[in-house]
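Chemist: Before we start, here is the structure in question, set down as structure tokens.
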Amino acid sequence: MTQLEYALSGIITKEMKIVADYEGVSEEFILEEVKKGEIVIPANVNHINLVPKGIGKGLSTKVNANIGTSDAFPEIGKEIEKLKVAIDAGADAVMDLSTGGDVNKSRREIIKNSSVPVGTVPMYQAAVESISRYGSIVAMPEEFIFKVIEEQAKDGVDFITVHCGLTLESLKRLKDNKRIMNVVSRGGAFTIAWMIHNEKENPLYQYFDRLLDIAKKYDVTLSLGDGLRPGCLEDATDAAQIQELIILGELVKKAREAGVQVMVEGPGHVPIDQIEANVKLQKSLCHNAPFYVLGPVVTDIAPGYDHITAAIGGAIAAFAGADFLCYVTPAEHLGLPDIQDVKEGVIAAKIAAHAADIAKGIKKAREKDLAMAKARANLDWNEQIQLSIDPEKAEKYRVTKNKPNVETCSMCGKFCAMQIVSEYLGTPTTSC
């Protein structure tokens, strides 16, 4: 049985109990929201060392880190290092997007070494292997994509991105409404190329019931991908994007009726003034399914700093109701991220998620900031460092920017605002 089926039967699973304890909410709350499909717990029955996380209504905003090999950098060992760095930095989930080297080995090693939920885009493996087996992506038999999905599910993948909303009708909208950047989703591009070449409907849409059977067998959460997400601000919230979202909403209902957990993916590149509308549209059209957004990036002119542009958009999206942020690294739009890029991407996304959680009233988020304020008031540098979202960096600055065994910081010294006001108020003297 899936987590959704257990919830519908009124059974609180061990995964639900773990999520409730982590979030500081009741087990009954988790049960009810999983039952409604407004919380998902990606937890493949074959992911043995998983510590489950909940995604959705009333929970802390979660962060995903993308890792995986490429044709230029096929070394699996590096991706395992990235996995460990991502988890240490606070990632709540990872996705293996490997397209280079032995993609099966890469996925299995990541699952084996990951305590957090692992996601994939099965179409990547299907495309890579179709080139070697059949000569091209478009020559891939329909059967092959389902074979790959079953193989990945059997390995223990907790959630899969599937571009089921790409239909012939969606492509008509894309053709009729010109974009600056037509399609920027790799999985979406592979699917569209196959559809156009073969003049056939998307197999993942046409045979959605078959996909549901596989997902149900292993309790794989479906992450309905946005193959027509905007790749630049000018293309945001257009007819093609919304047409796909409407279809995804219909598929959400089908998945829930089949007892399969489901969430929905979103953009992308979106100007600040359109982010809230995008979230509200998704929640309305997709029946309050958990919303998983890539950023969104709020300006197109900051390559090298897109972890910042995405954090800005992510904070706004999460406050508006998005539940799951996919990180963006400084290497986005430029190349495959290295280990440091992964760390910076996770931390930027965690800051965005935490800032939104404070505004959304997530109790434990506000408590962390209160603890930091008290540590600063008490001039407790060790506590401040431990409470930091990146203790390693905070400690490095404290040690290198100040003289040893000095309470004050080098920014203010004897002109410390807290010290001056404390003397006036007659309160215990502190310095910052």
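Indices start at 1 and increase along the chain as displayed.
Cβ atoms here come from the backbone N, Cα and C positions, even for glycine.
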Chemist: Which of these, HIS163, HIS333, HIS354, does Swiss-Prot say binds substrate at the same site as ASN66, MET95, TYR124, SER185, ARG186, GLY187, ASP226, GLY227, LEU228, ARG229, GLU265, TYR292?
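Modeler: Among HIS163, HIS333, HIS354, only HIS163 appears alongside ASN66, MET95, TYR124, SER185, ARG186, GLY187, ASP226, GLY227, LEU228, ARG229, GLU265, TYR292 as substrate-binding in Swiss-Prot.
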Chemist: Can you check which residue among the binding-site residues GLY187, GLY227 has the largest number of Cβ atoms within 10 Å of its own?
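Modeler: Per the Cβ count, the most surrounded site is GLY227.
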Chemist: Which of the binding-site residues HIS333, CYS409, CYS412, CYS416 has its Cα closest in space to the Cα of ARG229 (substrate binding site)?
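Modeler: It is HIS333, whose Cα lies nearest.
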Chemist: Where does ASN66 (substrate binding site) sit in the DSSP three-state scheme?
Modeler: strand
Chemist: In Å, how large is the greatest distance between any two Cα atoms among ASN66, MET95, TYR124, HIS163, SER185, ARG186, GLY187, ASP226, GLY227, LEU228, ARG229, GLU265, TYR292, the listed binders of substrate?
Modeler: 20
Chemist: For TYR124 (substrate binding site), write down the residues of its own chain that are at least 6 apart in sequence and whose Cβ falls under 8 Å from its Cβ; none is a fine answer.
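Modeler: The answer is LEU97, SER98, THR99, VAL103, ARG186, GLY187, PHE190.
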Chemist: Rounded to an integer, what is the Cα-Cα distance in Å between TYR292 (substrate binding site) and CYS412 ([4Fe-4S] cluster binding site)?
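Modeler: With the alpha carbons as reference points, the distance is 42 Å.
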Chemist: According to DSSP, which of helix, strand or coil covers GLY187 (substrate binding site)?
Modeler: helix
